[in-house]
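Undergrad: I am attaching a structure below and will ask some questions about it afterwards.
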Amino acid sequence: MAARRRPAAGVGARDALAVLALALCTPGVGGGALEWYSAMVSIEYVDPQSNLTVWSVSESGRFGESSLREERQGLVGVPRAPAPAEGCAPDTRFVAPGALGNAPWVALVARGGCTFKDKVLAAARRNASAVVVYNLESNGNATEPMSHAGTGNIVVIMISYPKGREIFDLVQKGIPVKMRIEIGTRHMQEFISGQSVVFVAIAFITMMIISLAWLIFYYIQRFLYTGSQFGSQNHRKETKKVIGQLPLHTVKHGEKGIDVDAENCAVCIENFKVKDVIRILPCKHIFHRICIDPWLLDHRTCPMCKLDVIKALGYWGDPEDTQELPTPEAAPGRVSVGNLSVTSQDEERSESNLPSSSSSESGPHRPCLKEDAGEDTALLGAGRSEPQHGGSIC
């Protein structure tokens, strides 16, 4: 009987994950990417105490979302006191130490108090060529995106609080500070749009439905497989019982029925030896018991003539399909297995019950081959026959 293959686990889940991965990798599904540029900020001023020029440069700025990405330079101007450092008022006036006439200058204001747009417009009214916003103190050295749509063609960047406050204090002391703004590194920041979230949610739900359907199918297959295995185990148990009813015989030393030098087992291809236990099949072929029993459990047929042993014994199929054990063609009162004759116990009883006159008339007769009392022997299909006068029953 061909073995049923157990359903492989994990195939449906892998297919569902592949569908989800394909959905996420489709062009345009990822939502989009935020592009922004860092700014190189360099400052230069003369230290009044040492009369030395101090110069520093760092990539510490970030261009605003609506800012022009161009280079700008000029003296730094801050809101004139007592105006707040945020520079939110439309009429805010700026002071830039060292500025001459219409020379370009850069407005430096603090974050907070109003929108970025209001700060940029207030500085643009004073003809600032660029606006620098320094971040809040709580944010430390970080910079953040700035939204200032509608401010026109003006350069707007954000710098960190420590850097901005350092420049602001220098300007308030009346020290001219020259600032140069240059384009830094281009950055791409991925983000997922709302449409992409919906698409991923649909893909995930689809994956869950596929996985659930596969799990249902898998467990149905597993249930059927377990049931078939349970049936096969019961099948083997019944087959073992039937095989156990086949007659056994122990080979004896000097036994005329078996030539130990010529006879061999067709399963293991070895000669029969004294004290070997052999199994006798309905087809009269004999084999080692330890060889033929496992064979019959798997094949049910004689290795030599292919007779279905189980059916031949009448223990297989529906009751109406049950076959009777065929009567082997042998002499009445014995079953011939090769050269081996196994005498029926019923015939022995018949011999013992014969009248004395029959014995006297028959004359001396040869002793019959009898099995040991402990051996399991059987007459397979042989009909009972009446003893005849003048002959010996063997």
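Cβ atoms here come from the backbone N, Cα and C positions, even for glycine.
Since we're looking at a predicted model, the values are computed, not measured.
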Undergrad: Report which of N127, N141 appears in Swiss-Prot with the annotation N-linked glycosylation site.
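TA: So the answer, going by Swiss-Prot, is N141.
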Undergrad: Going by Swiss-Prot, point out which residue in S60, S66, S147, S344 is annotated as phosphoserine.
TA: S344
Undergrad: Name the residue among S67, S341, S359, S385 that Swiss-Prot annotates as phosphoserine.
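TA: Checked Swiss-Prot: the phosphoserine annotation sits on S341.
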Undergrad: Please spell out the DSSP helix, strand and coil residue counts for the zinc finger (265-306).
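TA: Breakdown, helix to coil: 11 helix, 9 strand, 22 coil.
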Undergrad: Distance between N141 (N-linked glycosylation site) and N51 (N-linked glycosylation site) at the Cα atoms, whole Å?
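TA: With the alpha carbons as reference points, the distance is 29 Å.
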Undergrad: Looking at the glycosylation sites N51, N141, which one has the fewest other Cβ atoms within 10 Å of its own Cβ?
TA: N51
